[in-house]
Structures are given as structure tokens and as C-alpha cells.
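Sequence annotations record features per position, and here TrEMBL assigns domain 'Guanylate kinase-like' to 5-184. Per TrEMBL, the feature ATP binding site maps to G12, P13, S14, G15, V16, G17, K18, G19.
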Amino acid sequence: MKRRGLLIVLSGPSGVGKGTVRAAIFNKTDQKFVYSVSATTRAARPGEVDGKDYFFKTREEFEKMIEQGQLLEYAEYVGNYYGTPIDYVEKTLAEGKDVFLEIEVQGAIQVREKMPEGVYIFLTPPDLSVLQSRIVNRGTDSDDVIQQRMKKAREELNLMKHYDYAVRNDQVDLAVAKIECIIASEHLRVQRSIDTIEEIEEELEAMLD
Ligand code: 5GP
């Protein structure tokens, strides 16, 4: 039996730098995970590519995906839907590849309920002022949206207790190194090797017979 891949979920409050950390992980030539591209109803930002950054959908299309059970999780975030297509995640894990999700906290909690065997990593800001300046300096959002994102970030920090690991994002390369350590250790968990060990035991028993 092929060993299933590991589901890795990176989450954390708005503006904590999840996107930057994720990009740094995927820019590395030796990264071994597969990124799950999300669907969203928000408009593409300059330079974003449909199918690579997101699958850009209308509200009607997205709601159809919800109705048809095509999403592993979804959340409404600052007026737009965001969700993870389930088929791709299932298929890739079944192929034995690690799947990496970078999603907001409500969605991550839904995934945790369905797939508790995953690894849940919460990215924390060095402090609240850093978080505020990151949200403001993003420069792409109106004042109203910035206010909503700050309020949301405060609520989101409270959800850290539902995660397995907390990684402080004070320096992107350090955060990436820590995430890589977490994933390497998770692969070594005894529980994840049980199938392999049982196979070895059976082979040994057969040799003894
Ligand atoms: P942005 O609009 O800045 O690209 O993303 C806004 C938020 O949505 C970020 O916190 C990002 O992590 C989150 N996000 C992206 N894709 C998904 C998804 O598939 N599901 C959920 N729940 N959140 C997502």
C-alpha cells in the first residue's frame, strides 16, 4: 500500500506574512510539497494568474462548488469567498505527495475537523504593530478593508490554540527553516510509519515460518 502524503496547513492572522512565507518555501529548488491552488471570488491583483495564484470564480460559480461538495473547506473573508478544491488534495495525498495549504484560520479549523492527521502550523506576528504596518503597507486595499482586516487579525490570534505548532514570522528565512524542521519531524512520527513497520513484521514472520 502506498503511503499517503502529509497534509500541511499553514495559517495565521491576516497580514502575518503567510503568502510571503509560502512563496519563499515554493521558490526553493529543493522543496518537496505540492501547493493546492485555492478558488476565490476576489478580483485578481495585478500579476496574478488564473490557475496558478487562484482559480478566479464568480459568486455563482463558487456557490455551485459549495453545493456540489467540491470544497474541502471554504470561508468568507472580507467580503469574498475562498476555498480549497477537495479532489486535488485527495488525489495528491493518495499519490503519496505532501500537500501544502496556505489558508485563513476559519478554513484551517474546518480542515482540521475533517483531516486531524494533518500538520497545523500557525504563523504568528513578531508583535501587533508589525502586523498593522503589514496590513496597511500592502497598499492594495481601501481604509475600510484595512480596518476589517485588523479587526479580523485580532480575532484570529485567539484561534492559535487549535494548532499543533506556532512559528514566529520575524524573519522569513528563519520561519521557512522552522517549518521545514516541523515537516521533517512529522514524517518521522512512529504513527506515520506503522504501515511500513507492519509490512516488515509480516515479511520477517514469513521468513521465520
Ligand atoms: P488574499 O486575498 O490576500 O490573497 O487572501 C486573503 C486570505 O485568504 C489569506 O489569509 C489567505 O491565506 C486566505 N486564503 C487563501 N486561499 C484560501 C482558501 O482556499 N481557503 C481559506 N479558508 N482561506 C484562503
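Cβ coordinates are placed from backbone N, Cα and C, and glycine is handled just like the others.
When the binding-site residues G12, P13, G15, V16, G17, K18 are checked against ligand 1, K18 have a Cβ within less than 6 Å of one of its atoms. The highest number of surrounding Cβ atoms within 10 Å, among the binding-site residues G12, G17, is found at G12. Candidate binding-site residues: P13, V16, K18, G19. Fewest other C-beta atoms within 10 angstroms, G19. Averaged across the domain 'Guanylate kinase-like' (5-184), the predicted model reaches a pLDDT of 92. Using the Cβ center of G12, P13, S14, G15, V16, G17, K18, G19 for ATP, the list of other same-chain residues with Cβ within 8 Å runs, in sequence order, L123, P125, L131, R134, A153, N169. In the structure as shown, the Cβ atom of G15 (ATP binding site) sits within 10 Å of 23 other Cβ atoms. Under the three-state DSSP scheme, K18 (ATP binding site) falls in the helix class. Annotation note: P13 (ATP binding site) sits in a coil segment as assigned by DSSP.
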